[in-house]
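*Asks:* Quick one: structure below, then a few questions.
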Amino acid sequence: MKEKMQRMVLSLAMVGFMVFGVASAMNNEGKALMAIKGSFSNLVNMLLDWDDVHNSDLCSWRGVFCDNVSYSVVSLNLSSLNLGGEISPAIGDLRNLQSIDLQGNKLAGQIPDEIGNCASLVYLDLSENLLYGDIPFSISKLKQLETLNLKNNQLTGPVPATLTQIPNLKRLDLAGNHLTGEISRLLYWNEVLQYLGLRGNMLTGTLSSDMCQLTGLWYFDVRGNNLTGTIPESIGNCTSFQILDISYNQITGEIPYNIGFLQVATLSLQGNRLTGRIPEVIGLMQALAVLDLSDNELVGPIPPILGNLSFTGKLYLHGNMLTGPIPSELGNMSRLSYLQLNDNKLVGTIPPELGKLEQLFELNLANNRLVGPIPSNISSCAALNQFNVHGNLLSGSIPLAFRNLGSLTYLNLSSNNFKGKIPVELGHIINLDKLDLSGNNFSGSIPLTLGDLEHLLILNLSRNHLSGQLPAEFGNLRSIQMIDVSFNLLSGVIPTELGQLQNLNSLILNNNKLHGKIPDQLTNCFTLVNLNVSFNNLSGIVPPMKNFSRFAPASFVGNPYLCGNWVGSICGPLPKSRVFSRGALICIVLGVITLLCMIFLAVYKSMQQKKILQGSSKQAEGLTKLVILHMDMAIHTFDDIMRVTENLNEKFIIGYGASSTVYKCALKSSRPIAIKRLYNQYPHNLREFETELETIGSIRHRNIVSLHGYALSPTGNLLFYDYMENGSLWDLLHGSLKKVKLDWETRLKIAVGAAQGLAYLHHDCTPRIIHRDIKSSNILLDENFEAHLSDFGIAKSIPASKTHASTYVLGTIGYIDPEYARTSRINEKSDIYSFGIVLLELLTGKKAVDNEANLHQLILSKADDNTVMEAVDPEVTVTCMDLGHIRKTFQLALLCTKRNPLERPTMLEVSRVLLSLVPSLQVAKKLPSLDHSTKKLQQENEVRNPDAEASQWFVQFREVISKSSI
């Protein structure tokens with residue numbers, strides 16, 4: 001009995017010690033966590049549950065994960081919380097930690113040496129912060145560590161050789177720092193290392209032959225350092241490599257022959273000083289998807305055997321000194337999307353076999369010595385988006401079959417020997433945004449069809465032999481930013497229609513034979529910063545408006561009869577002409593008689609018309625048809641509107657669109673309205689036009705601008721909309737209002753509102769409606785920055801039984817779905833592509849197209865390099881509390897802009913993801929009246945965790961976000 005009592009007492013004591021030990025450990029870990037929190041800054045609404053007074057259960061704290069048995073802290077995940085401050089040395093007191101993830105914050109200071117005390121650590125990610133100083137040697141004490149990610153900080157010093165003492169290290173990523181010194185050869189003897197990322201540092205030394213000792217290494221990236229020497233001859237022994245990137249260093253010598261033994265998918269050697277020939281053995285590397293040898297000093301011909309690379313999608317050989325012809329065998333590279341051979345010394349003709357490359361997206365052959373014509377077979381490259389042969393010796397004419405290149409946006413044939421007329425068929429390449437035919441021998445007149453290229457940004461026809469008049473149709477180029485027709489033989493007057501071009505930056509007309517006056521209408525081109533009309537035969541007064549004072553006098557020289565303040569010449573009478581001949585006098589007399597007859601007829605008809613109009617006031621009112629669609633405008637007449645706006649005086653103008661001018665009208669006893677005056681008069685099918693307006697007017701949604709009514713008159717068709725106090729999203733991001741800072745919460749609110757409006761059109765309207773021109777300038781913002789979709793002047797209803805509609809060109813350059821550009825068929829997925837571009841604008845603050853830069857292509861290239869976050873607008877990163885939301889929004893934007901429309905989400909799914917990023921309280925407070933489809937999503941989100949819902953949705957579309965897969 002006594003022995004039993006002793007055993008019981010002993011057992012209770014042991015349990016007591018265990019409980020005390022656990023409690024003591026939890027107490028110590030709780031103190032460590034509070035010390036870690038104390039070293040952070042920018043904690044607004046963050047880590048509120050880290051409170052050891054009111055919540056002692058530290059395992060329930062945000063980002064803290066505990067072991068199920070010992071209840072010790074084993075994982076700390078505070079990634080993408082926008083945390084500032086430093087990493088506390090107290091982190092070393094969490095001895096049982098297996099994972100630390102602090103990436104995507106703004107942590108500064110040095111990495112504490114105490115982190116080496118976390119002996120159980122397997123995963124350490126401190127990337128994308130502001131950490132500086134050396135990498136602590138204490139990290140080498142972490143014998144269980146498998147992943148060390150310190151990329152994109154400001155770390156200095158060498159790569160510690162002691163990292164080789166971590167026996168289980170599989171992934172080492174130190175890219176994007178300021179590390180110096182050589183890469184330790186000991187690092188190459190880590191048998192388990194699989195991923196080595198050292199790009200974007202200042203490392204020196206050479207590539208060691210020991211690099212192939214890493215038998216498990218598949219990713220080797222030292223891009224953008226200061227490495228010298230040659231590529232080791234033993235490079236062919238690196239048989240495990242899948243990605244090999246040694247680009248943008250100072251590597252010299254020739255490419256080793258045995259490099260062909262590699263089985264890499266990506267071989268990037270560009271931006272070095274490599275010499276010699278391209279080894280033919282590269283043509284045997286069947287796994288190659290990307291081959292980049294550009295910007296070196298390679299010589300010799302392009303090996304025809306490269307045509308065997310049937311899986312290669314990108315071939316970059318530009319910026320070398322390659323000679324010889326372009327091998328016709330390249331036409332066998334069936335998956336080739338990018339072929340850049342520019343800036344070499346290639347000769348011969350363009351092989352017709354390139355026309356077999358059905359997936360070719362970009363073909364750049366500029367700055368070589370190519371001769372002969374452009375093969376008409378090139379028009380068979382249905383996906384071709386960019387074609388550049390600038391700076392060659394090509395001749396002949398432009399193939400008429402180019403009209404079939406519906407996806408082409410960039411065409412540069414400048415500085416060659418092309419001749420003949422510019423074919424009218426170029427006007428059928430509807431998606432062109434840059435057309436450069438300068439520096440050739442084109443003759444004849446400029447085709448009027450070029451005025452149909454409504455998405456054109458740059459038109460350069462300079463230095464040719466073009467004659468005839470400058471087409472008035474150029475006034476239809478609503479998106480144009482630059483027109484250059486200098487150094488030709490053009491005659492006639494400067495068309496007044498050019499004054500309609502609201503985006504025009506440069507108008508270069510010098511060295512022609514233009515006559516007449518400079519149109520006053522050009523003063524309406526408020527964005528015009530470069531005007532050159534020198535050396536023509538212009539006369540009269542230079543427009544005296546003040547905005548013309550920004551042009552230098554040199555812009556007007558060489559026109560003897562031009563005068564005005566801007567050119568320093570006082571206007572006086574023109575020189576007396578010589579005495580008229582007898583024949584001239586007879587012609588003048590006959591002309592005067594004819595003119596008098598015409599005036600008499602005009603006066604007579606006018607009097608007859610007045611008699612008809614004076615018949616009754618009711619008939620007079622019939623000339624203008626006013627239709628009120630909502631009762632809030634019913635008390636007003638057309639005369640009220642004209643009186644308030646002084647017959648649409650220009651002082652009431654608040655904006656210009658591609659098809660209209662917009663005025664503000666402040667009516668009494670009602671809210672202000674926006675009046676959109678369409679450029680076109682009565683449409684061909686008036687009944688269809690009115691039916692469409694009535695359909696648009698029937699749409700009532702909090703995120704769609706309401707059409708209150710319309711007026712049809714001979715003086716112009718007017719549409720009456722809600723007036724939006726904060727203008728358009730484009731104005732706030734890119735225009736004169738961009739001084740208004742948009743924080744992340746406001747941008748997300750705008751994205752959610754626009755998505756809900758578009759989802760309503762796609763899923764809740766009967767028949768459903770496709771907007772067809774989603775862009776930032778068509779997203780208007782009220783006084784509360786609530787988004788409203790506008791500009792349904794081109795939207796059409798689609799019967800429920802149809803899945804697509806064929807129509808004329810719609811949309812705006814930079815937002816147009818490439819699939820629509822290729823097939824001319826449009827559906828809901830086209831709107832979703834455009835919405836994805838708007839999301840990218842919100843995230844980056846950049847324009848969809850800026851000069852020649854394309855925002856979508858920029859983000860794709862950064863996705864390739866995993867540097868997308870570098871493109872984020874600073875105002876977003878400063879105000880976003882969870883950078884993970886930004887990454888999700890980038891993912892969503894890239895999914896919306898997938899090349900294959902079938903892989904894009906629906907607007908319901910887009911709304912679901914965006915709503916999941918809005919805190920639940922904000923959703924409840926700021927989105928009180930939702931449409932039916934959005935309410936269903938809200939109900940789902942009440943049942944399930946929003947983040948989990950978003951995660952489930954992303955799983956459905958799971959894949960690596962990279963250029964090759966989008």
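Cβ atoms here come from the backbone N, Cα and C positions, even for glycine.
Okay, so Swiss-Prot annotates it like this:
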- 26-582: topological domain 'Extracellular' (TOPO_DOM)
- 40-63: repeat 'LRR 1' (REPEAT)
- 262-285: repeat 'LRR 10' (REPEAT)
- 359-381: repeat 'LRR 14' (REPEAT)
- 604-966: topological domain 'Cytoplasmic' (TOPO_DOM)
- D773: active site, proton acceptor (ACT_SITE)
*Asks:* If you run through the repeat 'LRR 14' (359-381) with DSSP, how many residues end up as helix, strand and coil?
*Replies:* 5 helix, 7 strand, 11 coil
*Asks:* Relative to the Cβ position of D773 (active site, proton acceptor), how many further Cβ atoms are located within 10 Å?
*Replies:* 25
*Asks:* What residues elsewhere in the chain lie close to the repeat 'LRR 10' (262-285), defined as a C-beta under 8 angstroms and at least 6 residues from its ends?
*Replies:* 223, 231, 235-236, 238-239, 241-256, 291-303, 305-309, 316-317, 319, 322
*Asks:* Between 0 and 100, where does the mean pLDDT of the repeat 'LRR 1' (40-63) sit?
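*Replies:* Taking every residue of the repeat 'LRR 1' (40-63) together, the mean pLDDT is 83.
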*Asks:* What does DSSP call D773 (active site, proton acceptor) in the simple three-state scheme?
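*Replies:* Once the DSSP labels are grouped into three classes, D773 (active site, proton acceptor) ends up as coil.
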*Asks:* DSSP-wise, what's the residue breakdown of the repeat 'LRR 1' (40-63) into helix, strand and coil?
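*Replies:* Taking each residue of the repeat 'LRR 1' (40-63) in turn, the totals are 3 helix, 2 strand, 19 coil.
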*Asks:* Under the DSSP assignment, what numbers of helix, strand and coil residues are found in the repeat 'LRR 10' (262-285)?
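*Replies:* Helix (H, G, I), strand (E, B), coil: 5 helix, 6 strand, 13 coil.
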